[in-house]
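*Asks:* The following feature annotations were taken from Swiss-Prot:
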BINDING   His130, Thr131, Lys268, Asn277, Arg286  substrate binding site
BINDING   His160, His205, His260  divalent metal cation binding site
Amino acid sequence: MASLPILAITSGEPAGIGPELCAQLSRRDWPLRPVVLGDFELIRARAAGAAVVRAYMPDAPAAAGVLDVLHVPLNVAARPGRLDPANAGYVLALLDRAVHGCRSGEFGAIVTAPVHKGVINDAGVAFSGHTEYLAEHTGTPRVVMMLVGGGLRVALATTHLPLAAVPGAITPALLDETLRILHADLAGRFGLAAPRILVAGLNPHAGEGGHMGREEIDVIAPVLERLRGEGMRLVGPLPADTLFVPHTLGQGDAVLAMYHDQGLPVLKHASFGGGVNVTLGLPIIRTSVDHGTALDLAGTGRADPGSLFAAVELATAMVCNRDVAR
């Protein structure tokens, strides 16, 4: 019988809550085996006796209450709540090892605990986030950020841009590529054979027939019409204020929002801290928590693992859907 896929869980910033969140994975039995990538002694210390921490062996069976750790050594000792640029290389080494394992077939997916972008940049490494790093290191020219939680799937046409820059970034080429990636991953990794995507407009009231902006008429609608002609089930452009009501949301499988704060506040309100960040378009599956390093909680034992658990659950479902689709 073939062994089940392994999920690589990167433990993230060592001064943050990532290591202790990862230690809590031993509290549950998982359909696929989670393996934590991190410094062995760091993870064991943050587990604080709540789990049996053992060295990762590829062929060892999963065991209740046991946490498998693939040892990646810290550069310098880590203290809860105290960032040290000397460990930036360690954080990136976790990601590199996880990507290598996914590309080689050792791992079925990556689940990432939070990193601290600022301290990585302080170390002299230009780093804008997991998403961009993974795209670069897998040779992926375009990826799409989607948040999942509270019964919603919300993808973004643009991500971390100033609001003033968003209209110029919403081009036919960007929307075409974004919708193709979203559609492909909903079908191949979410098990939705013919996904229905609700597309938000950019302007209030979706432009009010051109009286409040013409992006809907000149850019968004023509792209949707062309892709409908290829068989995609697309609804929109819809006014965002009425799109995010239960009746409308119930008519679609996912939402494409035009910018970060158009879509994510609704999802984060609905998910109650259990949201999951998914990177679409990669050749590998990657999910992540939807929160930061929470340095003030590190080492206190009070960090909530809900988002990490949800990220592991979603990665598991995506692996299973992908394998069925193959």
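Count begins at 1; order follows the chain as displayed.
Keep in mind that glycine also has a Cβ here, set from the backbone N, Cα and C atoms.
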*Asks:* In the structure shown, with every protein chain counted, which of the binding-site residues His160, His205, His260, Arg286 has the densest set of Cβ atoms within 10 angstroms of its Cβ?
*Replies:* Arg286
*Asks:* Please report the three-state DSSP label of His130 (substrate binding site).
*Replies:* helix
*Asks:* Asn277 (substrate binding site) has how many other Cβ neighbours within 10 Å of its own Cβ?
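*Replies:* A 10 Å sphere around the Cβ of Asn277 (substrate binding site) contains 24 other Cβ atoms.
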*Asks:* If I take the alpha carbons of His130 (substrate binding site) and His260 (divalent metal cation binding site), what is the distance between them in whole Å?
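*Replies:* Just about 16 Å between their Cα atoms.
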*Asks:* Check His160 (divalent metal cation binding site) against DSSP and tell me helix, strand or coil, would you?
*Replies:* coil
*Asks:* Taking only the Cα atoms, work out how far His160 (divalent metal cation binding site) lies from Arg286 (substrate binding site), in Å, as a whole number.
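*Replies:* With distance taken Cα to Cα, Arg286 (substrate binding site) is 19 Å from His160 (divalent metal cation binding site).
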*Asks:* For Lys268 (substrate binding site), what is the tally of other C-beta atoms lying within 10 angstroms of its C-beta?
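*Replies:* By my count, 19.
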*Asks:* Between Lys268 (substrate binding site) and His205 (divalent metal cation binding site), find the distance joining the two CA atoms and give it rounded to the nearest Å.
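*Replies:* Spelling it out, the Cα of Lys268 (substrate binding site) and the Cα of His205 (divalent metal cation binding site) are 23 Å apart.
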*Asks:* With DSSP assignments reduced to helix, strand and coil, which class does Arg286 (substrate binding site) get?
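*Replies:* Reduced to three states, the DSSP call for Arg286 (substrate binding site) is strand.
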*Asks:* Any idea what the Cα distance is from Arg286 (substrate binding site) over to His205 (divalent metal cation binding site), rounded to a whole Å?
*Replies:* 34
